[in-house]
């Protein structure tokens, strides 16, 4: 065989390279960029690179109003978007919405006085900043923040507006916005209008926001010389039908949260932008009655980099029930187009499309829109111009303008947007509503957080959930209001336990997920770390108050101490107060407490309150008072005190009873005892994990 000379080799290599290049063009290189693709977090939920300089961001996009949000569940982000939209449509402001974690704040002192900055800030837990606001909060409330210039005072040029989202059942109500407002004023900034505060605990958040914003706009208009104009709908997003694509096209998102999930290779870090699709190891019913459900579910995170510590929270990413998706699509005349592929494009540079595209109408409504949520009065008013009849338009206008009428007709019945509009228009379709307006006006479907009920010491890679399936009968409503996430979990439990097509309470779910990626009983999750923790010294006594599913984190605490004891560690007194209706119906983990007693002996005691077994109702706070002497003695030994469950009633009453116990047992005035309880809270000796 003839030998190849150097020239032959060079020619053959060139031909080979050229062939490979030709075959891989458009796949590995020279990939055509989708002109309609939305800017969205990348493969693992990490946000793409962009400037962190506030001044640059505003100047590049020609903005004179930036609205920052600190949000945990999406409400503050929604309010920020609504303020931006209203500022532009009513006053011609060039607005942009911004996530606090996307920017640095050392050049806040360079924002000129002809621009304005809004801070829409939720308070999380016991007066803490939301996850995306931690760095900003630590910077702005520090003793002497380091700014870019030597102005005195540093923020003399800054005009700002604030609104806080809080819950008055917590000790540190709206602490985030109050502390930020105080710091900004200390640094010389000028607040425009009142510092608004919304109260989720009183159920008045939406009305508090609406009542605050109109006088705020008046004050801002006067300060900045703005003239109000008639508000006309201007879309923030453009909707483009993608005729060359079908739902089977590999680049079309059918509910996948980001590119790595679309490609079938999801990778960490798994977080609030990027869930882990976790297998459910096991699930079972905890209640012994047929008309109510409480689930125990074990989530296996062993194949991920997710870790947790006892007392943390797990977030479940739910999907909407098929019946609600169908109702929504039918109302807006989208049923025939449900699987059409569309791209959603931001029409102005600072707007963020809230989900990846190209996608379908069905996928957006099923996986990304909070279509079952209570309706905003402001959003209802914005739909009036698109009503199918004059009668419906007049009714929506009245609902939007009259808060008492809105409360009676909508709020008390927990009507979602599709149910409300169907009633108002007597079944007629709302074909004229721009889909962009629905994207802008309906909150993004949010993960639901649950207190983890397992011990990381005992099972570091299995996370347990204990959750009551939400179903609330309401006067004037034919069917009960049903929780989105817990009914989704119930369907998953039924599937795992043998039902091939579960439809709990007539609700069906795409439980196999987009492209069957959740098949085999998987659920999308991430972990949120919490400060609700056992004392670092295991010999410290602990007192735990956890009625109903409020016992969830305490199951984890007790199992942790049980495991410690089995490992030969000494543990302190572990006293648990648990309450439910009847011992024969909803006594959660009854056998487990007996097993814990066998291991821990006198170190563990369970005190029960069965509210419907005696002649009068008995709750955990009554049992707590009965043990006043022992409680006081344990507190004098520096016992840690924990409360988990209903914030509005139980947690408040427990707080009051504890102050009464300290006052009576120590012979001091109740006011002094209340101060002691406050000190316990501030030193983390008294901890709460409560909800409205």
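First residue shown is number 1, and so on along the chain.
Positions of Cβ are set from backbone N, Cα and C atoms, glycine also.
Residues annotated as FMN binding site in TrEMBL: 71-76, 122-125, 165-174, 200. Other Cβ atoms within 10 Å of the Cβ of residue 74 (FMN binding site), summed over all protein chains shown, number 18.
Summarising the annotation, TrEMBL assigns NADP(+) binding site to 292, 549, 611, 612, 617, 618, 619, 620, 621, 653. The 10 Å shell around the Cβ of residue 617 (NADP(+) binding site) contains 13 further Cβ atoms across the protein chains shown.
In sequence order, 286, 294, 295, 296, 450, 451, 453, 549, 551, 552, 555, 588 are the residues of the chain that are 6 or more apart from residue 466 (FAD binding site) and have a CB within less than 8 Å of its CB. Summarising the annotation, TrEMBL assigns FAD binding site to 448, 449, 450, 451, 466, 467, 468, 483, 484, 485, 486, 691.
Annotation comment: TrEMBL describes 65-217 as domain 'Flavodoxin-like'. Model confidence over the domain 'Flavodoxin-like' (65-217) stands at 94, taken as the mean pLDDT rounded to a whole number.
For 273-535, the entry in TrEMBL reads domain 'FAD-binding FR-type'.
Sequence annotations record features per position, and here TrEMBL assigns transmembrane segment to 6-24.
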**Message:** Can you tell me which of the binding-site residues 125, 173, 619 is spatially closest to residue 484 (FAD binding site)? Compare CA atoms only.
**Reply:** 125
**Asked** Looking only at Cβ atoms, how many others are within 10 Å of the one on residue 619 (NADP(+) binding site)?
**Response** 17
**Fill in**
Row residue 468 (FAD binding site), column other C-beta within 10 angstroms, all chains, value 17
**Request:** Please compare the binding-site residues 71, 486, 611 by how many other CB atoms fall within 10 Å of each one's CB, and tell me which has the fewest.
**Result:** 611
**Request:** Find the one among the binding-site residues 170, 173, 468 whose C-alpha lies closest to that of residue 292 (NADP(+) binding site).
**Result:** 468
**Request:** Return the residues near residue 125 (FMN binding site), defined as same-chain residues 6+ apart in sequence whose C-beta is under 8 angstroms from its C-beta, sorted by sequence, else 'none'.
**Result:** 170, 530, 531, 689
**Message:** Please report the distance from the Cα of residue 74 (FMN binding site) to the Cα of residue 611 (NADP(+) binding site), rounded to the nearest angstrom.
**Reply:** 36
**Request:** Determine the minimum-neighbour residue: among 122, 484, listed as binding-site residues, which Cβ has the fewest other Cβ atoms within 10 angstroms?
**Result:** 484
**Message:** Going by Cα-Cα distance, which of the binding-site residues (122, 167, 173, 486) sits nearest to residue 611 (NADP(+) binding site)?
**Reply:** 486
